[in-house]
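Colleague: Quick paste from TrEMBL:
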type	residues	note
REGION	1-23	region 'Disordered'
TRANSMEM	64-89	transmembrane segment
TRANSMEM	128-149	transmembrane segment
REGION	159-183	region 'Disordered'
DOMAIN	186-301	domain 'Phospholipid/glycerol acyltransferase'
Amino acid sequence: MESELKDMNSNPPSSKEERPLLKSESDLAAAIEELDKKFAPYARTDLYGTMGLGPFPMTEKIKLAVAMVTLVPLRFLLSMSLLLLYYLICRLFTLFSAPYRGAEEEEEEGGVVVQEDYAHMRGWKRTVIVSCGRFLSRVLLFVFGFYWIHETRLDRDSLMDPNPKTTSAEISQKGDAATEEPERPGAIVSNHVSYLDILYHMSASFPSFVAKRSVGKLPLVGLISKCLGCVYVQREAKSPDFKGVSGTVNERVREAHRNKSAPTIMLFPEGTTTNGDYLLTFKTGAFLAGTPVLPVILKYPYERFSVAWDTISGARHILFLLCQFVNHLEVIRLPVYYPSQEEKDDPKLYASNVRRLMATEGNLILSDLGLGDKRIYHATLNGLFCKS
């Protein structure tokens with residue numbers, strides 16, 4: 001697999017004449033099927049097909065047409081109204097409050113950026129912001145068709161594999177320690193399927209997320225992200241004085257672990273979205289601090305349209321989401337995972353063990369593909385459809 005991917009990167013078609021022409025729709029279908037096998041974690045298997053481009057049965061076209069003139073306008077207006085309402089709540093309750101300022105960080109361009117948020121506020125104002133945020137996030141999910149969310153909470157005794165590489169004696173000791181002196185998890189870790197994951201986690205625990213620095217400057221969303229306590233990062237910066245994503249996240253994980261009043265941070269260790277059936281290799285950012293983590297598994301069962309955000313464009317995805325009357329979400333919340341000393345000393349082992357546990361309990365398939373493979377898949381698909 002790796003050699004094939006390297007060949008695709010190192011020897012791209014240099015001109016239109018060098019590209020193999022697709023002689024028919026059957027050739028295109030065969031090429032897509034072969035790609036889907038190689039890049040299975042990102043392949044769409046729903047009724048809407050690859051990249052959400054169909055072909056659509058006539059009954060589905062009728063359903064979409066009806067939904068576009070009924071459900072879509074209503075849901076769009078309601079969702080924008082909820083967004084504006086929460087923005088106004090955040091604006092009102094932060095109006096006379098100074099934002100919390102974290103450590104200064106140097107950018108590659110030489111400027112200085114300060115992490116700012118309102119998640120470190122105390123008192124009744126913070127309570128109102130969090131309570132309204134959780135409630136309105138759940139209302140927004142309801143508007144999007146998630147009328148029921150089935151949640152399963154597993155205890156330590158019900159796990160199929162509490163720790164794949166820890167002895168039963170160590171498991172018992174960790175369980176006893178957790179019972180006597182429960183430690184606050186440093187982070188919530190979850191598989192990543194869609195942007196809707198963020199809405200669910202906001203409704204469940206209102207944690208902080210990692211976001212690009214530009215998000216903090218967006219209208220409406222910018223202030224809301226500061227109330228969430230988002231960690232703003234500049235992924236492209238390469239200055240040796242710049243902490244980078246791992247360093248900033250590591251600090252926030254440690255803070256959340258040792259300080260009960262600090263905002264909890266939510267991390268997607270896969271680093272990108274999948275179609276929901278797979279679990280990619282975990283990045284170690286959430287595990288570098290060696291603190292306990294809370295694993296959460298999200299699954300989106302479907303019959304027609306899968307809400308997984310993989311090969312489909314954002315605008316098309318939102319349109320089809322709003323057209324679907326009922327959407328489904330199932331959540332499996334695992335107990336807090338307490339790392340062994342060996343895992344604390346080896347973040348890669350820690351990440352691997354948590355990943356294996358989540359795959360086992362969530363019935364997910366492990367895959368070694370990553371974001372780079374996803375970009376290759378997308379680029380190849382776009383090339384195939386351009387030639388067809």
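The backbone N, Cα and C atoms fix where each Cβ goes, and this holds for glycine too.
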Colleague: May I have the DSSP-based helix, strand and coil counts for the residues of the domain 'Phospholipid/glycerol acyltransferase' (186-301)?
Modeller: 37 helix, 23 strand, 56 coil
Colleague: State the residues, same chain only, that lie 6 or more residues beyond the ends of the transmembrane segment (128-149) and have a CB under 8 A from a CB inside it; answer 'none' if no residue qualifies.
Modeller: 75, 78-79, 82-83, 85-86, 89-90, 93-94, 118, 121, 196, 199-200, 202-206, 224, 227-228, 321-322, 324-331
